[in-house]
Amino acid sequence: MSSALLFTSPPPPAPSINRSTLSFAAVTNFPPSPDKLALLLDKSSSIHHLLQIHAALLRHGLHQHPILNFKLQRSYSSRGRLDYSLALFNRTLNPNIFFYTSIINAHALHGLSQEALFIYTQMLFEGVQPNEFTFSSILKSCSLEHGKMLHSQVIKLGFDSDLYVKTGLVDVYARGGDVGSARLVFERMPEKSLVSLTTMLTCYAKHGELKEARLLFDGMVKKDVVCWNVMIDGYTQHGMPKEALVLFRRMLAAKSRPNEITILTVLSACGQLGALESGRWLHSYMQNNDIQVSVRVATALIDMYSKCGSLEDARLVFDRIHYKDVVAWNSMIIGYALHGFSQDALELFHEMCRIGLRPTDITFIGVLGACSHAGLVKEGWSFFNAMREEYEIEPKIEHYGCMVNLLGRAGRLEEAYELVKNMKVEPDPILWGALLGACRLHGNLELGEKIAEYLVSHNLANSGTYILLSNMYAAKGDWEEVARIRTLMKDSGVQKEPGCSSIEVRNRVHEFLAGDLKHPKTKEIYEMLEEINGWLKAHGYTPQTEIVLHDIGDEQKEQSLEVHSEKLALAYGLISTQPGTPIKIVKNLRVCSDCHAVTKLISKITGRKIVMRDRNRFHHFVNGSCSCGDYW
């Protein structure tokens with residue numbers, strides 16, 4: 001072919017680049033312009049594509065192109081390859097503030113606050129001045145101590161009026177628990193965005209300042225789902241589940257669509273209250289509104305149903321999970337343990353191990369709890385030892401607590417005491433309280449006094465310590481010591497937690513204290529109590545007046561027993577629900593032996609199943625018997 005022909009023939013058409021299926025050949029053999037490469041970087045969908053573009057940049061000497069280099073670094077970090085991004089940054093000649101801010105932001109988003117601060121310090125050393133975006137980025141993950149130092153630089157460099165920087169500072173103080181400083185920065189903001197309002201709301205809610213949180217929440221003109229979630233979760237996390245459910249209903253009335261976080265929080269509130277009807281309604285709402293039941297949500301449903309007394313519903317949800325993780329298995333095992341169905345819990349544990357799932361420390365809390373409720377001392381020790389020897393899990397204070405409960409209920413108090421004294425972790429007041437409760441149960445005043453003296457002398461005593469010791473003296477009839485302990489409680493400012501029982505009827509939770517007269521149906525409730533007393537006398541029941549630990553007469557003791565909160569809730573359940581339907585009651589303290597015996601008898605007389613959840617476990621009363629076998 002002649003040279004003339006070569007010059008006169010039209011050139012072949014250039015191949016087009018398919019951006020959705022970018023090939024290495026396309027960007028190496030036919031290099032596009034920097035603009036096209038920048039567009040390809042923006043549209044790149046995988047690390048594989050990024051590596052192809054990166055190779056092309058190197059091949060054609062464009063690796064130091066400021067825009068392409070910047071976009072490539074940012075693309076790597078956004079796809080989880082922070083190591084690639086950092087390697088590129090370290091090879092960049094004279095990086096400007098945009099490069100520094102981008103790499104600082106990437107580290108902050110990955111929770112690498114120390115590394116982000118190191119790069120920030122390096123930036124200052126190189127004489128590059130931070131801007132408002134730099135501060136917004138580095139404040140995302142830094143500690144309170146470093147946040148305070150950065151705050152001084154913010155003021156020095158004149159960025160203290162920037163909305164995003166101030167929001168970042170509020171967040172730093174909030175995460176560090178300095179609510180006062182967070183409030184001060186927030187109140188000095190000339191304008192407040194939805195993000196800054198939500199940040200301050202989160203600060204209040206997280207640290208239990210719920211009145212301030214609610215005032216801020218109610219004053220917000222615009223509320224997104226995050227705001228609702230923060231406020232609902234604040235109530236749930238700080239022991240106000242009833243308020244959480246009320247606010248959730250208000251959220252629905254405001255036409256704000258809940259997301260998965262909302263569902264998880266409200267299910268937790270239902271579980272705390274034992275509000276089965278509300279929990280079932282929420283489950284139905286999810287199904288009717290096409291809200292996907294992820295493994296996480298399913299696990300929360302199992303937990304809710306278990307805590308609300310319906311193991312049948314919990315097991316149905318569990319069986320419908322296609323790919324169960326260990327958290328789902330743990331939730332079901334703990335559910336069985338909580339209800340005292342110990343063999344079911346242990347069988348489920350062995351099944352989980354057979355399919356190859358490795359138990360976690362949470363699994364063993366459920367397993368040891370199951371052993372505790374059934375008095376399986378030998379099995380409990382076997383599981384406890386297997387944690388360290390077979391599964392390389394170091395027992396935590398919760399596991400020691402389960403063992404103390406197991407040994408204490410079985411009457412092996414000295415063995416439990418030795419276990420506590422030889423623990424590798426420092427025992428807390430809850431653990432000592434469990435052992436003290438076992439001393440009260442078995443009447444071991446000598447060991448109980450020793451434990452109480454230790455707790456008081458080490459400033460670890462709480463209301464439970466004084467009450468258990470007072471009750472032990474009262475059981476022995478030593479009223480002088482009872483008076484001394486109660487005086488000590490008063491002088492120390494310790495208040496006894498009042499017994500409270502609740503029952504849910506038609507999606508509304510009703511709460512009762514002992515001798516309560518505040519309920520709108522008080523008259524009908526007390527009339528029902530009189531009828532119950534008649535049933536009990538007809539069946540020859542004698543009140544257990546010996547458990548009333550006050551220096552009063554037998555008649556007064558009987559009157560005191562008659563109006564316990566459990567009995568008021570039971571009476572309300574009998575007058576407010578259809579005959580034959582189950583009654584579910586939640587008690588915040590351990591159910592007393594008289595109420596336990598009375599409830600067994602009522603279940604037989606009325607033919608009703610009565611489910612009661614106390615502080616330690618569930619009791620299923622059916623036809624005069626309890627699932628605990630009177631071992632609780």
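Glycine too: its Cβ is placed from the backbone N, Cα and C atoms.
Automatic, uncurated: that is what TrEMBL annotation is.
What TrEMBL records for 540-632 is domain 'DYW'. The repeat 'PPR' feature in TrEMBL is assigned to 96-130, 193-223, 224-258, 325-359, 462-496.
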Compute the average pLDDT of the predicted model within the repeat 'PPR' (325-359). 96
For the repeat 'PPR' (462-496), the number of residues DSSP places in helix, strand and coil: 26 helix, 0 strand, 9 coil
Under the DSSP assignment, what numbers of helix, strand and coil residues are found in the repeat 'PPR' (96-130)? 26 helix, 0 strand, 9 coil
Reported in the order helix, strand, coil, what are the DSSP residue counts of the repeat 'PPR' (224-258)? 26 helix, 0 strand, 9 coil
Residues in the repeat 'PPR' (193-223) per DSSP class, helix first, strand next, coil last, are 22 helix, 0 strand, 9 coil
